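A.B. asks: Just lifted these from Swiss-Prot, have a look:
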- 39-137: domain 'Rieske' (DOMAIN)
- Cys81, His83, Cys101, His104: [2Fe-2S] cluster binding site (BINDING)
- His208, His213, Asp362: Fe cation binding site (BINDING)
Amino acid sequence: MNYKNKNLVSESGLTQKHLIHGDEELFQRELETIFARNWLFLTHDSLIPSPGDYVTAKMGVDEVIVSRQNDGSIRAFLNVCRHRGKTLVHAEAGNAKGFVCSYHGWGFGANGELQSVPFEKELYGEALDKKCMGLKEVARVESFHGFIYGCFDEEAPSLKDYMGDAGWYLEPMFKHSGGLELIGPPGKVIIKANWKAPAENFTGDAYHVGWTHASSLRSGQSVFSSLAGNAALPPEGAGLQMTSKYGSGMGVLWDGYSGVHSADLVPELMAFGGAKQERLNKEIGEVRARIYRSHLNCTVFPNNSFLTCSGVFKVWHPIDANTTEVWTYAMVEKDMPEDLKRRLVDAVQRTFGPAGFWESDDNDNMETVSQNAKKYQSRDGDLVSNLGFGGDVYGDEVYPGIVGKSAIGETSYRGFYRAYGAHISSSSWAEFEDVSKNWHTELAKTTDR
């Protein structure tokens, strides 16, 4: 396959060949250029608060151990014994000073160093250099306000720079709210879909909500219920979409703090969020304070998505070109009353948990998109994401990134696939940066500040 062929994904992200959702050769290329190169979500501070705490996570198809060190730092290692390649840790989470392989008993410290080998002197003599046999370490581990990401590529930009313009929109909730927590362990389910299908949807697709989720909207009586069955468009000025250089993007639905949740939760959620408004107005200004109380439908490129006010946090772990393991956490504000946290966690399970009704609505879409990508006639067709193209702006006086000032559009789709195509066709971060020099002119007209 010619990965520099612009017909695979157009430079502006306007079109993508359907086969990208089902081609196994391309999937192997993604492991090399997407998952081995970009920042991938690992865990949250709240899940490993103390020295020795660890979780097992995934980076692409590889499993890693993420461990809090004695000095408070966080490191991550491949979950593979260096002796014969066996999986080292099978637990999802725990606290340990080290890890012992159940095959031959080799023991590794929480710092990844090989510390003990049964009968080392008797069997190996001086032939084994333990200093060279530690666990393979993930090159970069950094935090975005408590959310821990890892990257295998030393040449990647810092996590802060990688978040880029998207970070400006996320910080009101992730930082200025007082901080967030993830409630784990995550719910896990396998869907027969390519990882990009849900990732693109969560990057800000408000277009499907009224139709795909019609029955869920009617039964739940959320603040978005008026959209059910495409009975109406969101009113003018109801939201915006944005995207950024490295592919992260989102849709913003103004003042949607109670999210997708049903009427019984709305008064308490609105009261809790509203109590912070005066402080946030003073600290970060009225625009970003409004972003805090608005519903963000976001994907951090490539495979981490969340709905801020709905408390839904997902990672789309690829298994193969047509199979994805979905991890779902509940995301809550640290200072929420414990009873409200509990009720929000329950609501996340009802809506977007492994058997949630909103989740079930989406899965049929994701799976058939991916299944059709393998069929002979349909795989070479072009998928389009041109909704709102030509109306996006770069250089807005208020809102950073490429911005489409409508609740419904495909601005964030285009940014996601522009970055995706640039990575697939590049052999390194340096080449990606070179082909991305004009990323904003490919996606939007530029305004003078």
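Just so it is clear, glycine is given a Cβ too, placed from its N, Cα and C backbone atoms.
Explain the structural surroundings of these features, please.
C.D. replies: In three-state terms derived from DSSP, His104 ([2Fe-2S] cluster binding site) belongs to neither a helical nor a strand segment and is classed as coil.
Under DSSP, His213 (Fe cation binding site) is assigned to coil, being neither helix nor strand in the three-state scheme.
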A.B. asks: Same-chain residues six or more away whose CB lies under 8 A from the CB of Cys81 ([2Fe-2S] cluster binding site)?
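C.D. replies: When sequence neighbours closer than 6 are ignored, Cys81 ([2Fe-2S] cluster binding site) has Thr87, Leu88, Cys101, Tyr103, Trp106, Phe108 within Cβ distance under 8 Å.
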A.B. asks: What's the CA to CA span in angstrom from His104 ([2Fe-2S] cluster binding site) over to Asp362 (Fe cation binding site)?
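C.D. replies: Between the Cα atoms of His104 ([2Fe-2S] cluster binding site) and Asp362 (Fe cation binding site), the distance comes to 45 Å.
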A.B. asks: Quiz question: given the binding-site residues His83, His104, His208, His213, which has the greatest number of C-beta atoms lying within 10 angstroms of its own C-beta?
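C.D. replies: Highest number of other Cβ atoms within 10 Å: His213.
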A.B. asks: Would you mind listing, in sequence order, the residues at least six apart from Asp362 (Fe cation binding site) in the same chain with a Cβ closer than 8 Å to its Cβ?
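C.D. replies: The list for Asp362 (Fe cation binding site) reads Pro198, Asn201, Thr212, given in order along the sequence.
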A.B. asks: Can you count the other CB atoms that lie within 10 A of the CB of Cys101 ([2Fe-2S] cluster binding site)?
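C.D. replies: A count of 19.
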A.B. asks: Give, as a single whole number between 0 and 100, the mean pLDDT over the domain 'Rieske' (39-137).
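C.D. replies: Residues in the domain 'Rieske' (39-137) carry a mean pLDDT of 98 in this prediction.
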